[in-house]
Amino acid sequence: MASSSPILLMIIFSMWLLISHSESTDYLIGDSHNSWKVPLPSRRAFARWASAHEFTVGDTILFEYDNETESVHEVNEHDYIMCHTNGEHVEHHDGNTKVVLDKIGVYHFISGTKRHCKMGLKLAVVVQNKHDLVLPPLITMPMPPSPSPSPNSSGNKGGAAGLGFIMWLGVSLVMMMFLI
């Protein structure tokens, strides 16, 4: 019975590692409060913001805005490009819109005011599956040196998820050694 306590502790620890690295992330649009408004720093401000993040299924994006002057419309790609605010769209007018990214693909959001959308108040978010992890090969061949990558200001969630999986795998292997 004494040997089952360490095994139980390892199982609990490995489950904690797995769960803690698979949680979703909440993103505040523009990384600041009340940023869904005009004027924008540039017409491509939200495009740059979105490209600096890696969105996965289950993540949430939060639009904070003045609901007396703004709204958020979820639209298709054509209406996104043309800034069409009329039609079959999901419209949000609450000033604190939370959207769960529940499927893989591209989500398109525009301001409910066409003039604001034309000024750049629109956002396209590419969502990937968080379970698309690439496992490293068991045997690696030396790679020729490559140029240094440019610095990246945002973190990479995929690396954290991969690290969590590798840690879980290592703990599982240690547990198996105790069971055999």
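Just so it is clear, glycine is given a Cβ too, placed from its N, Cα and C backbone atoms.
Now, the feature entries from Swiss-Prot:
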type	residues	note
DISULFID	Cys83-Cys117	disulfide bond
DOMAIN	25-129	domain 'Phytocyanin'
CARBOHYD	Asn67	N-linked glycosylation site
CARBOHYD	Asn152	N-linked glycosylation site
LIPID	Ser154	GPI-anchor amidated serine
SIGNAL	1-22	signal peptide
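Here the features listed in Swiss-Prot are placed on the structure.
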| residue | record | DSSP class |
| --- | --- | --- |
| Asn67 | N-linked glycosylation site | coil |
| Cys83 | disulfide bond | coil |
| Cys117 | disulfide bond | helix |
Hey, how far is Asn67 (N-linked glycosylation site) from Cys83 (disulfide bond), Cα to Cα, in Å? 19
Using all protein chains in view, find how many other C-beta atoms are within 10 Å of the C-beta of Asn67 (N-linked glycosylation site). 14
Enumerate same-chain residues with a sequence separation of six or more from Cys117 (disulfide bond) and a Cβ-Cβ distance below 8 A; give 'none' if the list is empty. Cys83, Thr85, Ile110, Ser111
If I take every residue in the domain 'Phytocyanin' (25-129) and average their pLDDT values, what number comes out? 96
